[in-house]
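K.L.:
Dropping a structure here in structure tokens format, bear with me for questions.
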Amino acid sequence: MRSAQSNNNLLRMAGRFRSANRSAMMVAPSRVLGLEKVRQISTVGVIGAGQMGTGIAFVAAKNAGVNVLLHDQLPAAQEKGLAFMDKLLAKDVAKEKLAEKEAKGIRERVRAIGDLNELRDVDLVIEAVAEKLPLKQTIFSQLASICKPSAILASNTSSISLTKIAASATSPNKNTQQSSNPDPSPSRVVGLHFFNPVPIMSLVELIAALQTSEDTLKRAREFAVRCGKVVTVSKDTPGFISNRVLMPMINEAIICLEEGVATREDIDQTMKRGTNVPMGPLTLADFIGLDTCLSIMQVLYNQTSDSKYRPSVLLSRMVDAGWLGKKVGKGFYEYDV
């Protein structure tokens, strides 16, 4: 039998619980579940209609259920990207993973645009252009002026410093060094590194620039999860996690081929079977794009001066020849395009 004092303690505890519960109920249920920020993201802009940009647009529309504005300077690239989405959706319908009505709804959520100014009202922009810092800096400088203040400005970069990119995300009409109210745009820049092919690969690397706010990180993470991805977090260091480890392996495999250590097939089979991965390093390089691999290695080598990142001569020559991998039909192997 409980004492009177015990009963009083229980009553006080119950009162505190009810009070706390009422306070929690005053908050929107979505916030209690940590979903409030995600629900604010209803429209996404994707810059770049290549393999990565198209894949990101696809999972954003299909998995996250958001409207997507796909931008590219080349109309032909947009047409190719949208045709690729149609192909993916047709496959899902054929395999009965989607009903035709669902597929149609997904496709209708994606719209191609030719003017960056049409991104002014989006909640999130994901840049997925070539790995060239000056190009990305130009884009983020424009986005800082175009996009609404609450919009997240994300880069899909796989190697370039997010801190450098964020530093460029300032309005040209605002002198941040003289102003007592600095431009907040750099704080909303974040890295969302998706992996190719985006509809299949389950990972996203989340990278914070020195300027990135906690709110930006939280919202970006929640959006990636909504896209059906597992999220890992990396510091803003050259190559982050994935390419810091992966690129030396790919480069060494190319050097093995260059020096005649083994055939391309034996190099790939050894690493595929020996490490129990879906494909060998030369095939993987073809899928990534040899020009992309070269750009990443050059960034890593320039930033670290570590010889393990120095691109092989063969890789450079193949890029010079236009043999860029699967996307053009020829790399270390040949493909139907």
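For all residues, glycine too, the Cβ spot is worked out from N, Cα and C.
TrEMBL: automatically predicted annotations, no manual curation.
Not my notes, these are from TrEMBL:
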DOMAIN    43-236  domain '3-hydroxyacyl-CoA dehydrogenase NAD binding'
BINDING   Gly48, Ala49, Gly50, Gln51, Met52, Gly53, Asp72, Glu131, Lys136, Ser158, Asn196, Lys327  NAD(+) binding site
COMPBIAS  169-182  compositional bias 'Polar residues'
REGION    169-188  region 'Disordered'
SITE      His193  site 'Important for catalytic activity'
DOMAIN    239-335  domain '3-hydroxyacyl-CoA dehydrogenase C-terminal'
K.L.:
Listed NAD(+)-binding residues Gly48, Ala49, Gly50, Gln51, Met52, Gly53, Asp72, Glu131, Lys136, Ser158, Asn196, Lys327 - what's their greatest C-alpha to C-alpha distance in Å?
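P.N.:
Of all Cα pairs among the recorded NAD(+) binders, the widest measures 22 Å.
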K.L.:
Under DSSP, the domain '3-hydroxyacyl-CoA dehydrogenase C-terminal' (239-335) has how many residues in helix, strand and coil?
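P.N.:
Its residues fall into 66 helix, 3 strand, 28 coil.
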K.L.:
Taking the binding-site residues one at a time (Gly48, Gly50), which has its Cβ surrounded by the most other Cβ atoms within 10 Å?
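P.N.:
In terms of Cβ crowding, the pick is Gly48.
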K.L.:
Could you list the residues of the same chain, at least six apart in sequence, whose Cβ is under 8 A from the Cβ of Lys136 (NAD(+) binding site)?
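P.N.:
Result: Glu127, Val129, Ser155, Thr157, Ile160, Ile165, Ser168.
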K.L.:
Sequence gap of 6 or more, Cβ distance under 8 Å: name the residues on the same chain that satisfy this around Met52 (NAD(+) binding site), in order along the sequence.
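P.N.:
In sequence order, the residues whose Cβ lies under 8 Å from that of Met52 (NAD(+) binding site) (at least 6 apart) are Ala128, Asn156, Phe194, Asn196, Val198.
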K.L.:
Work out the three-state DSSP category of Gly50 (NAD(+) binding site).
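P.N.:
Once the DSSP labels are grouped into three classes, Gly50 (NAD(+) binding site) ends up as coil.
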K.L.:
Averaged over the domain '3-hydroxyacyl-CoA dehydrogenase NAD binding' (43-236), what pLDDT does the predicted model reach?
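P.N.:
Mean per-residue confidence for the domain '3-hydroxyacyl-CoA dehydrogenase NAD binding' (43-236): 94 out of 100.
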K.L.:
Which has the fewest other CB atoms in a 10 Å radius around its CB: Asp72, His193, Asn196, the listed recorded positions?
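P.N.:
Selected from the recorded positions Asp72, His193, Asn196 on minimum Cβ neighbours within 10 Å: Asn196.
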K.L.:
Hey, does DSSP put Lys136 (NAD(+) binding site) in a helix, a strand, or just coil?
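P.N.:
The three-state answer is helix.
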